[in-house]
Amino acid sequence: MLELFDAWLLAPFDYGFMRRAFVAGLALSLAAPPLGVFLMLRGMSLIGDAMAHAILPGVALGFLLAGFSLPMMSLGGVLSGLLVAVMAGSVSQMTGHREDSAMASFFLISLAGGVMLVSLGGSSVDLTHVLFGSILAVNTTALVLITAITSLIVVTLAVIFRALVVECLDPLFLRGQGVRGGLVHGMFLGLVVLNLTAGFQTLGTLMAVGLMMLPATTARFWSKRLEGLIGIAIGIAMLASSGGLLLSYHLSLPSGPAIILLAGVAYLLSALFGRHHSLTERLRRRAAPLGSAESS
Amino acid sequence: MSRLQLEDLQLARGGQTVLEHLDGRFMDGAITALVGANGSGKSTLIASIMGMLRPVAGKVECQVPKERCAWLPQQLALDLTFPMSVEELIMTGTWPSHGALKGYCAAHYRRGREIMARLGISSLAHRPLGELSGGQRQRALIGRTLMQEAELLLLDEPFANVDIETVNVLTDVLRDTARQGATIIVVLHDLEQLSRLADDVLILAGGHGRWASPESLLERYAGQPAKAPRLPFIFPDTLDAGTV
């Protein structure tokens, strides 16, 4: 029994690349899910996807200029992500169109631009790497970068937390208090971009969104409280990233999809068996009798 | 004394003048009822007092600091799907003193509980906002303004779709708040509520405002059938018969 435990859970971490991948996964699991929870609560679950596309041209440009240098690619990603967010925000403000339509237009432009840049400058292998990442190829520089970015995200989120909550709930109240809601919103989107940049090395630009959104949407089936949502989402993300890593090691699967698929399994199971709004919960109690204890 | 004055105020919405030549002062420590038909400019006036609408001419002179102004619009921008409890909502009222960062201490939680007890919503402290009735939600929102120690309250039809008990509780609380010196402006359509609540009345009609005392209004309509105590009646040709 103990031997099996050792062989399955501990032995893989004899390898340096597995240890680095493990730490990178945990760091991302701390930073990404809280952002995902807020995106979900604001009805912006798909914005993460749009943002992931938006960082692509920057990453590609960094790659073209400096070769496979993670800091340069990350910097490019952050810049192009922020640029798209700012441009989408200002276009929607100037034209009065809804922000999602401006965002959709800009992320499609950036996606095409990014793919074009990558194809001009490299082979399709490079494109695959940018799009799908490789958590097993995380070196020490990458790990330092990832942990630094995720720490920055966690600290900044803690600082703007109350403002963000009030802005989500009642923007008018926050405005009455002399705080510009747009500023809080902008900082939050900035954190989303940063997080995706931290995630693209390990999971790829597209799958980095998965670690952000899937744990958040899963947590909705288990808690009705904000702290609960965030805590559960972080837990799920940590389990998925370490579990997915082990699965990919033992079964020779690609690590990024293994992690996200594991989170996806958690989502589907929760949709079936979760405590709130799940299928079984709905079937179990159509109506609670009068006088029964509250279920929240 | 008056910390809120209007000086020859002209307000417009979408290039169309809604109100003009509006003058007067709102009394401190008193409740002013704002009365008028739909479209007479009540919400426009409130928006400009809150500084969200720039006057075309004239000015609103408000000496109450912005963070001590509370506005409860009729159509709330509140996201009721957001997971927040009644107590948490009321605690956000500490923003003027605590801002985004300062932690709440026991004294503030105690004050929050006192406010909830006064509003009769202690048992709902941990209930999510989305599960409240209209009346309970209105009490919780008034609780936030109490926590905020608001000195200027702008309430847009606070008694619409609210049960009678909530009306009574809120009437008492608003009277107390006014007694402690707050300036309160309430949009009302109901003559009976006006008689219980208002110290002063500003009637908006035909793009102009007219100040009146509640007594004169009540006297004028004392003979009206009790079953239809609806405001406003004062300019029957320009005002509809109330829509509460």
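Using N, Cα and C of the backbone, Cβ positions are placed for all residues, glycine too.
Heads up, TrEMBL stuff is auto-annotated, nobody curated it.
Some features that TrEMBL has for this protein:
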| type | residues | note |
| --- | --- | --- |
| TRANSMEM | A:20-39 | transmembrane segment |
| TRANSMEM | A:72-91 | transmembrane segment |
| TRANSMEM | A:103-122 | transmembrane segment |
| TRANSMEM | A:142-166 | transmembrane segment |
| TRANSMEM | A:178-197 | transmembrane segment |
| TRANSMEM | A:203-222 | transmembrane segment |
| TRANSMEM | A:229-249 | transmembrane segment |
| TRANSMEM | A:255-274 | transmembrane segment |
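Long-range contacts of the transmembrane segment (A:229-249) within the same chain, counting only residues at least 6 positions beyond its ends with a Cβ under 8 Å from a Cβ of the stretch, are 8-9, 12, 18, 21-22, 25-26, 28-30, 32-34, 36-37, 41, 135-136, 211, 214-216, 218-220, 222-223, 255, 258-263, 266. In this chain, the transmembrane segment (A:178-197) lies in contact with the transmembrane segment (A:72-91); the count of Cβ pairs under 8 Å, excluding pairs fewer than 6 apart in sequence, is at least 3. Segment contact is absent for the transmembrane segment (A:142-166) and the transmembrane segment (A:103-122), given fewer than three CB pairs below 8 angstroms at sequence separation of 6 or more. Contact count against the transmembrane segment (A:255-274) (Cβ pairs under 8 Å) is highest for A:203-222, out of A:20-39, A:103-122, A:178-197, A:203-222.
In summary, the transmembrane segment (A:203-222) lies against the transmembrane segment (A:20-39): three or more C-beta pairs, each 6 or more positions apart in sequence, are under 8 Å. Remote same-chain residues near the transmembrane segment (A:103-122) are listed as 47, 49-51, 53-61, 63-64, 80, 84-85, 87-88, 91-92, 130 (criterion: CB distance under 8 Å, separation of at least six residues from the stretch ends).
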